[in-house]
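Per Swiss-Prot, the features are:
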- 1-19: signal peptide (SIGNAL)
- Asn164: N-linked glycosylation site (CARBOHYD)
- Asn201: N-linked glycosylation site (CARBOHYD)
- Arg204: active site (ACT_SITE)
- 257-292: domain 'EF-hand' (DOMAIN)
- Asp270, Asp272, Asp274, Thr276, Glu281: Ca(2+) binding site (BINDING)
- 353-376: region 'Disordered' (REGION)
- 367-376: compositional bias 'Acidic residues' (COMPBIAS)
Amino acid sequence: MQPLHTLLALLPLCRSTTALLAFPGAEGFGANAVGGRGGDVYVVTNLEDSGEGSLRDAVSETDRIVVFAVGGVINIEDRLVVSKRVTILGQTAPGDGITVYGNGWSFSNADDAIVRYIRVRMGRGGDSGKDGITIAEGSNMIFDHVSVSWGRDETFSISGTAENITVQDSIIAQGLETHSCGGLMQTDGGVSLFRNLYIDNKTRNPKVKGVNEFTNNVVYNWGGGGGYIAGDSSGQSFGNYFISGPSTSVTAFTRGNENFHGYVENNYYDPDQDGTLNGNELGVSSSNYGGMDIVDTKYDYPAAQYIMTPDEAVSYVTENVGASLVRDGVDSNLIDQVLSYGTDGALISDEDDFGGVGDLDGGETPTDTDGDGIPDDVETQLGTDPNIADSTEIDSSTGYSWLEVWANSLVPEGYASTRKC
């Protein structure tokens, strides 16, 4: 068990605390998602597809905080449909954590979802024409350190009337051919994409329409479409790095038009596939950004607290993104591709072409006498009672429940925690 960080370290850094963050380090449009705070704790106790103690059962009801007493691969046949106000804390799983394999997830209308440190691997056996993760409606959601791969349609898509969504520190990878798309980000309700890795998707890395902020992302080895920009939009892009790979056939930004209004700053493109990170800044001109209408003034969107240089973003992303508390073989191989700087990478049509989902160490189930989701030894450190189910009580010094205090302590706060105000 990792030692608990001090409670002071869990406080949001350098920003107003009038609205509680989903967790320390949450940023962007979805930063204040509530999740299941105030609801019940559900402990996932097995790796079954359904039934009592399963993840499917855990997310089937509203107002729940989901933690894990097991680690490993959960094989699912049908899509997982997540209810409103659910927190999924994958970092609480023992061993190598949790991978959900075999089909995708729907977060449509899953208002206030908080999802952290989990792997969603759809695969060839998933529903044809469906995404790894879909959000078509709903508001106030944040996805942090999530690894999503092998979508049959898109890998991670946000569209329709969805609003106030953040995807941060995550991997969106290897949409399966013949479609092979990173995903749509098409909503006027606001999407923040901060410090993510898009890799081995032929197109839509991502496809943006509407209100969007795209900051410190790395896009690697796209095929015929890097950053798609289309339609009536107001977006901005800061400090991203596009790195061509063996499959890349077009420049970084494509398909823009005069209805796409964008503020751009310090975005880099490395086209030469020579094994060295040596790209250059894309000049601020419409021709470098797919024909978009370049604007001179930043939009007043909820920005990343710190904006890295593109080189810093590559270092951060390769070290930290995805379900990185324990990186599985899939994510490790993807990161190795990025670090080849153009010489390795491929578009795939079947996950078996990349070695499949692999195995995970399930770890040991911790003792939790009162069944409230917090192991007994941690309750002793926190000062709570291991014999009384008190994990949903609020710690007055942070505003989070004791369960959240513990879960937050298991993982780094993110890039902002390493910086000074």
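Positions of Cβ are set from backbone N, Cα and C atoms, glycine also.
Counting other Cβ atoms within 10 Å of each Cβ, the recorded positions Asn164, Asn201, Thr276 show the lowest value at Thr276. Broken down with DSSP, the domain 'EF-hand' (257-292) shows 4 helix, 11 strand, 21 coil. The Cβ of the residue listed as 'active site' has Glu154, Gly175, Cys181, Gly182, Gly183, Leu184, Gly225, Tyr228 as same-chain neighbours under 8 Å, each 6 or more residues away in sequence.
In sequence order, Tyr241, Phe242, Ile243, Ser244, Leu277, Asn278, Gly279, Asn280, Tyr341, Gly342 are the residues of the chain that are 6 or more apart from Asp270 (Ca(2+) binding site) and have a CB within less than 8 Å of its CB. Less than 8 angstroms from the CB of Asp274 (Ca(2+) binding site) sit Tyr341, Gly342, Thr343, each of them six or more residues away in the same chain.
Around the Cβ of Glu281 (Ca(2+) binding site), 12 further Cβ atoms fall within 10 Å across all displayed protein chains. Among the binding-site residues Asp272, Thr276, Glu281, the residue whose Cα lies closest in space to that of Asn201 (N-linked glycosylation site) is Asp272. Here the CA atom of Asn164 (N-linked glycosylation site) lies 37 Å from the CA atom of Thr276 (Ca(2+) binding site).
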